[in-house]
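Working notes, beginning with the structure itself.
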């Protein structure tokens, strides 16, 4: 009998002092019930990664076929137009997610990705390609914030971090898929069109499979549809957990909201908005997307082929994301963020040393390439997957969708300018000064996380909201 009790104690939490003086076990919700729903939602992250990387190997053949080869401005527009669309999609994602629900938002984000991919695949001119990339970008901007919201709202607290890591892994798989599918583009005429056509398959799968997934109970309760919220909780957690989950959700006050934009920027929610926006700003000012966009240039300067460079970066990104997923609910979000930003600062230090006059030849090559791979690995361990998950956890329920939209809009704006100005600043300031700036931003992020970021591991969304309020008044 004692042996059975020991086994049960690993999976149960006991409460004492009930009226019958009996110790009642509270079984943790089974993670398997909600896994399918999170996996389907992660398809949006896969599409995001795929469309970020799809022009990496294909841009040269696209420019030749569409007659803008050698026009660096046009080539830059093929990349950056997608970011403009992503900014617009992200900016309105909160209002869309609150208006039509999380499931319909996923299906809506799939639509411009299907249309835009078809337009890009059949483009006969630069303008046709740019219009297609703009459409795709709006879907890219809408998907990630809705995915972060959905994962936070349908996951049991004990595995919410792990599930949040799944979306980052999906992004890495999307990037690597676009890389491998794009390899033949330089040797097979018109292959780049196939690369765009292929992306329609996961987009259509997202729209179709989301029809079979649960709607967020948080959103349903905000809409006054409590009976439907209970049904979705039963689908996600099991019948025994419906009443406790509904009671917990009712405490958080997820009533229909009338929050104005001014309330988010200047009102009682301004502190949490500052944390979210600053964390995304520091993530981008660390230089991560400059590394993603231009890593092949650095590798090629040392004679390393671009396909090998992109493969190495992709493997490091995927490896770090898998480790982060495993550790997210063990070490916690804050520990991963601190270690990640500190590692990124150290990696940029290696880049600064490699660019100095003290080291040259093979030594400089090993330091520069090693530093770049260490930077990507460190990013994937925390600074990549944690901010989106953390924001979806610490933002109060009634403002979560709209606040997430604004925070991610900050991300896209800085992402755009880092990608636009990196090469020009590299020429004017030199690698030592520019990499020192990126490293300093990573160190600043360490200080910021230590001071402002709250650990959310294993807590319900309501408990996190209470803890954040207490932190703000202390």
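Including glycine, each Cβ sits where the backbone N, Cα and C put it.
Curation plays no part in TrEMBL annotations; they are all automatic predictions.
Per TrEMBL, domain 'Major facilitator superfamily (MFS) profile' is recorded for 37-457. The transmembrane segment feature in TrEMBL is assigned to 35-53, 73-96, 133-151, 163-185, 191-213, 307-328, 335-359, 365-391, 403-426, 432-449.
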| Among the ranges 163-185, 191-213, 403-426, 432-449, the one whose Cβ pairs under 8 Å to the transmembrane segment (335-359) are most numerous | 432-449
| query | Under 8 Å, at least three CB pairs between the transmembrane segment (191-213) and the transmembrane segment (432-449) (pairs 6 or more apart)? | reply | no
| Between the stretches 35-53, 133-151, 163-185, 365-391, 403-426, which wins on the count of C-beta pairs under 8 angstroms to the transmembrane segment (73-96)? | 133-151
| remark: Per the Cβ under 8 Å criterion, with at least 6 residues separating them from its ends, the transmembrane segment (365-391) contacts 144-145, 147-148, 151-152, 160-161, 164-165, 167-168, 172, 276, 279-280, 283, 286-288, 291-292, 295, 298-299, 302, 304, 312-313, 316-321, 323-325, 327-328, 333, 336-344, 346-351, 353-355, 359, 403-404, 407-408, 445, 453, 456
| remark: The predicted model's mean pLDDT over the domain 'Major facilitator superfamily (MFS) profile' (37-457) is 85
| query | When you scan the chain for residues with a C-beta under 8 Å from the transmembrane segment (133-151), skipping those not six or more beyond its ends, what do you find? | reply | 37-38, 41-42, 44-45, 47-48, 51-52, 78, 81-94, 96-97, 102, 105-106, 108-113, 115-117, 119-120, 160, 163-164, 166-167, 203, 216, 388-389, 391-392, 400-401, 404-405, 408, 412
